Amino acid sequence: MTACVSLPATFTSIPSKSSHSSRPRLSSSPQSLTKHPNFELLKNRLIRLADNGHLERAVSTLDFMQQQGVPPDLLTYSVLLRSCIRTHRFDHGKRIHACLLESGLELDTVVLNTLITLYSKCGDLDKANEIFREMGDKRGLVSWSAMISGYVRNGKEFEAIKSFYGMLESGECPNQYCYSSVIQACSNKKYAWIGKLIFGSTLKTGYFGSDVCVGCALIDLFAKIDDMVSSRKVFTQMPERNAVTWTLMITRCAQQGFAEDAINLYFDMELNGFPPDVFSLSGVISAATALESLHAGKYLHSRAIKARLASDICVGCCLVDLYAKCEGSIDDAGKVFYRMPQHNVMSWTAMITGYVQSGRDKEAIELFFDMINEGNVRPNHFTFSSLLKACANLSDVNMGQQIYAHVVKHSLDSVNFVGNSFIGMYARSGRLEEARKAFDLLLEKSLVSYDVIVDGYIKNSRSEEAFGVYHQIEREGSGISAFTFASLLSAAASISALGKGQQLHGRILKAGLESDTGVSNSLISMYSRCGAIEDACQVFNNMDKRNVISWTSMITGFAKHGYAERALDLFSEMVASGTKPNEVTYIAVLSACSHVGMVEEGRGHFYSMRKLHGIVPKMEHYACMVDLLGRSGFLKEAYEFIATMPFKEDALVWRTLLGACRIHGDMDLGEIAAKRILELDQHDPSAYVLLSNLYASRNQWDEVAAIRKNMKERQLTKEGGCSWIEVNSVVHKFYVGDTSHPRAKEIFLKLDEMASKIKGMGYVPDKNFILYEVEEEQKEQYLFQHSEKIAVAFGLISSSVSAPIRIFKNLRVCGDCHNAIKFISVASGREIIIRDSNRFHHFKNGICSCGDYW
């Protein structure tokens, strides 16, 4: 509701609590002068039954009294109505109200207030309001309080606040119950400013300092409007605190992300002599879970055991969740779970989710069927969401379909995020058609739904379809999340579609998401991977907040583009800023050193990563060092370095060494490296290809033929060279000798023209890069059919003269193409940027950014 609240002129007119009127008493019934002889006996019996919780028997006694002509008085009806409210038997309450109206008794304030409470608690606010309006002069503080609390209970915050102001205007001064209720209404952020005014009123009237309930309501108010500083101030300034106050403060700190404060408050609570209860323990264990602090969790577990609360179902659920989320403690979670005397859906779901998060997906599914077989607990949407993730992790679509049958059986198929998990399961299993069907069948698609299907397309290398979903989101005006933008930027980078990435950047600015750190990190990655390193640098420089991913993405970008000094300078700046590097940062730093042959700098960083930052080198770091040493010609040292590794080397390390042997023509060491690769994986085609190329570079064609025969027998295929270029948001792919392009004739005419020009400038084709045994006159022709040269020629005839030509290749650019493109950059006056499988090459005015070191 958007109507404005009419505030009273001031709160100063509210009397202090010492001037509050006393509670109205029950009036005498007109029938009290001529009571039936059995009246007191039956009345006392009815009241005793109602007070002891035997409502059905009390109502039967009421029926008996009416049948015997013994009319009940107002006190009897009042006791019965309160019992109905207490036991939530509102149907009986309405029936008693009907009897009361038939009795002809004049209803007093107490009974009317009780009826207001009855109807507000059963959700019939219209009836409660009708009774309140008809009270007229009988309305008092209790009546107003009943209406205010009724509105709050039914989510009618504005009406509650409006009634509070109406009470003030009528001359009533609020008591602790009114204050507590109206403060609760102000917990809606829209009315937070009113809550602060009412806080001032509690200070003036003395209720803040004298009533714990009011203090608790204020703590809750500030916590719910994300003002934990004020919440803590209220707590600190309260002259009296009870166990409820401490528990509330602990719980709210845990819920609002102040986990450390919650744990410290718990210790303070114990020091102040308040023993833990199930609520305080549940709250503080949740805080330990948020911190993934196993040490604190185990201490709290011991406190729960000592307080004999470990078997409580709420505490047990929190302990299961704690151990499940702390790395390596899933078995302890199982111990807690199986020791629980009874389970609810929360405990089952916590254990199932824990198994999934720990990678024990089969056990999660087995536990679900145990849950179903017990039959006394109904799974909820969280249970099914975790189970579908387990099926996705196992790529077990059949089991996922069985689980989803249970989802339908429990009527949870309309729950959005269960549907999202179902889509995710299909997508992660590579079943994109089924994923799309599940997506299209969703009744309501949330941003998460779009995120899941977009992410599924991208992870299955179907970027164009991901962009199709993106355009659908735009058409429907559903709004796009930061996650979707990050995923699409990754897709644009994966196909080197700079134009699409720039369009997305424009949409990000329009959506006001440029300040999102994750989105900015994705922009840095996209621009650097698409060859626009200066644009990536501009995004990085414009960021207000940077995390380790921001720094690492930029360092990686500089490294890939061959700007080693800029990468290392930025690394020093990162450390100076107080941001701790991670394992990936050091891979980027070592790669930067490798790309320019900075051997000593690389050694220094490798041996300091553990000493300075406690990062233990992994296989990837050793591979970077082998690459650095190998590319620099220190092949023997690289080989010996592999022997110093503290764990068994993998194929990546030996492939790196074999690549270096290919560059430097070391046949003996190359054969050793290839043999080691094939010992680890007989079906690794890269080992055969690299060794074949090594033999071909030495004109050992018999060995080349033998390797190719071996590959054919093993049904292994060499990855074909492919280059691509984006022009006007369309990606054009080219293969060796490709004549399939619609503009093939123009492309090859341009190639011939450029070949003639660069030969006149001194270019000499390097026929050593022909790795096939062919006639000499054919070698030059083959060289000019390499995919990167074809792509460059297409770029020259189809792109603006002022724009750089950006080419992307799936394999390492060959030496002849590298040399030829240096000449083409001079002949055409164009900047040409090529990204191969290892790095970027920026060709301009006959010079490459790599310094011919790659």
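Every residue gets a Cβ built from N, Cα and C, even glycine.
Since the structure is predicted, the reported quantities are computational estimates derived from the model, not experimental observations.
According to TrEMBL, the feature compositional bias 'Low complexity' maps to 14-32.
Annotation comment: TrEMBL describes 762-854 as domain 'DYW'.
The annotation region 'Disordered' is assigned in TrEMBL to 14-35.
If you take every residue in the repeat 'PPR' (73-107) and average the pLDDT, you get 88. The feature repeat 'PPR' is assigned by TrEMBL to 73-107 (among others).
The repeat 'PPR' annotation in TrEMBL covers 108-138 (among others).
What TrEMBL records for 140-174 (among others) is repeat 'PPR'.
The repeat 'PPR' annotation in TrEMBL covers 242-276 (among others).
Nonlocal intrachain contacts for the repeat 'PPR' (344-379), taken as residues 6+ away from its ends with a CB within less than 8 angstroms of a stretch CB, comprise 313-314, 316-317, 320-321, 323-325, 330, 333-334, 337, 386-387, 389-391, 393-394, 399, 403, 406, 410. For 344-379 (among others), the entry in TrEMBL reads repeat 'PPR'.
Sequence-remote contacts of a segment are chain residues at least 6 beyond its ends whose Cβ falls under 8 Å from one of its Cβ atoms, and for the repeat 'PPR' (446-480) they are 416-417, 419-420, 423-424, 426-428, 430, 432, 435-436, 439, 487-488, 490-492, 494-495, 497, 500, 507, 511. According to TrEMBL, the repeat 'PPR' annotation covers 446-480 (among others).
Among residues of the same chain six or more beyond the repeat 'PPR' (516-546), those with a C-beta under 8 A of the stretch's C-beta atoms are 482-483, 485-486, 489-490, 492-494, 496-498, 501, 504-505, 508, 553-554, 556-558, 560-561, 563, 577, 579, 804, 806, 808, 833, 835, 840. Feature annotation from TrEMBL assigns repeat 'PPR' to 516-546 (among others).
Sequence annotations record features per position, and here TrEMBL assigns repeat 'PPR' to 547-581 (among others). Packing against the repeat 'PPR' (547-581) from elsewhere in the chain are residues 517-518, 520-521, 524-525, 527-529, 533, 536-537, 540, 588-589, 591-593, 595-596, 598, 601, 609, 613, 615, 835, 839-842, 849-851: each is 6 or more residues past its ends and has a CB under 8 Å from a CB in it.
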How many of the residues that make up the repeat 'PPR' (547-581) does DSSP mark as helix, as strand and as coil? 26 helix, 0 strand, 9 coil
Quick one: DSSP breakdown of the repeat 'PPR' (108-138) into helix, strand and coil? 27 helix, 0 strand, 4 coil
